[in-house]
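Asks: Got a structure here, written out as structure tokens. Questions coming.
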Amino acid sequence: MKSYAPYIILLLFLVAGSCKDLVRISQSWYAPETDSEITRDTKTVNDIPPTTGENSNMYLGNPSNAQPTFVLKNNYLIDLQYYTLSYDADRGIPNWVSWHLNKERLANNTRRSNKFLEYSELADGWYKVHHSSYTDTGFDRGHHCPSADRLTSEQANAATFLMVNILPQAPNNNQQVWNNFEMYLRSRVEQGNEIYIIMGSYGQGGIGTQGFATSIDHGRVTVPSNIWKIAVILPEGSNDLQRIEAGEAEIIAIDTPNSNDVGSSWKKYSVTVRAIEKATGYNFLSEINAQAQDSLKLDQAA
């Protein structure tokens, strides 16, 4: 009898290949509520950033060498397509989140979700932080990759509300100094720039509306002491790495206390990248040559 196994295998291979992009955008956490929302999101599916190369989330490096293996419980790499992060399951928050921002990403095609979602794809046995983990704690559900940086589609915005993108942030830090810095960076994009951004936190113990706390949710979510962000800004264009190494980029790094008395100005929290490296143990901008790295890492915005 003639065997059809080789043909079946070939057919499955071809089907898998043709569905590659569909597999990439399929996420178990994402469930549009109506058919119209599904249709609208399907039309904007090309808003997913590239996986590698220019404009990709980790184009300038992986500062903690995070990997997508559950063995690395405290440095687990999660690629959510619209941003990439290193997750610490013991702290219940990211170590860092990295993304790219340009004018294309600021297209206002959808509304803000406001629906915080548990991320279900963590390893069995890892605690899954949920919306109510932050309820009545005195801390905001602070975004790493902001909602306003991902309004190109409903799925893009929903991704920013996953709890693996969130940290306990003092309300005044989140709503004043941090919001002002986010708006400033978006204004730079509107002026014709693109930005590679990475944000994270370190330490333990912050001051929210109910006073000092080292953790919330019965100790399962760490309240960090400091929240930092690094932004590499350059004119919109191509050959980004070469242009950065040629000195055409500007860098801004800030490190803020996670406290309700931070004020509204982000500029007074300007630091060098080297200072954040010393505080975190990370190696930023590793894809840039050593000479350019040294220059950028020692530069401090006025």
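The backbone N, Cα and C atoms fix where each Cβ goes, glycine too.
So TrEMBL lists the following for this protein:
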ACT_SITE  H143  active site, proton acceptor
BINDING   N174  Mg(2+) binding site
DOMAIN    79-291  domain 'DNA/RNA non-specific endonuclease/pyrophosphatase/phosphodiesterase'
DOMAIN    80-291  domain 'ENPP1-3/EXOG-like endonuclease/phosphodiesterase'
Asks: If I take the alpha carbons of N174 (Mg(2+) binding site) and H143 (active site, proton acceptor), what is the distance between them in whole Å?
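Replies: Pair distance, Cα basis, whole Å: 8 Å.
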Asks: Over the domain 'ENPP1-3/EXOG-like endonuclease/phosphodiesterase' (80-291), what is the model's mean pLDDT?
Replies: 97
Asks: Around the Cβ of the residue listed as 'active site, proton acceptor', how many other Cβ atoms lie within 10 Å? Please give the count over every shown protein chain.
Replies: 23
Asks: Is it possible to get the count of other C-beta atoms within 10 angstroms of the C-beta of the residue listed as 'Mg(2+) binding site'?
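Replies: Result for the residue listed as 'Mg(2+) binding site': 23 other Cβ atoms within 10 Å.
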Asks: Under DSSP, is the residue listed as 'active site, proton acceptor' helix, strand or coil?
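Replies: In three-state terms, the residue listed as 'active site, proton acceptor' counts as strand.
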Asks: So, in DSSP terms, is N174 (Mg(2+) binding site) helix, strand, or coil?
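Replies: In three-state terms, N174 (Mg(2+) binding site) counts as helix.
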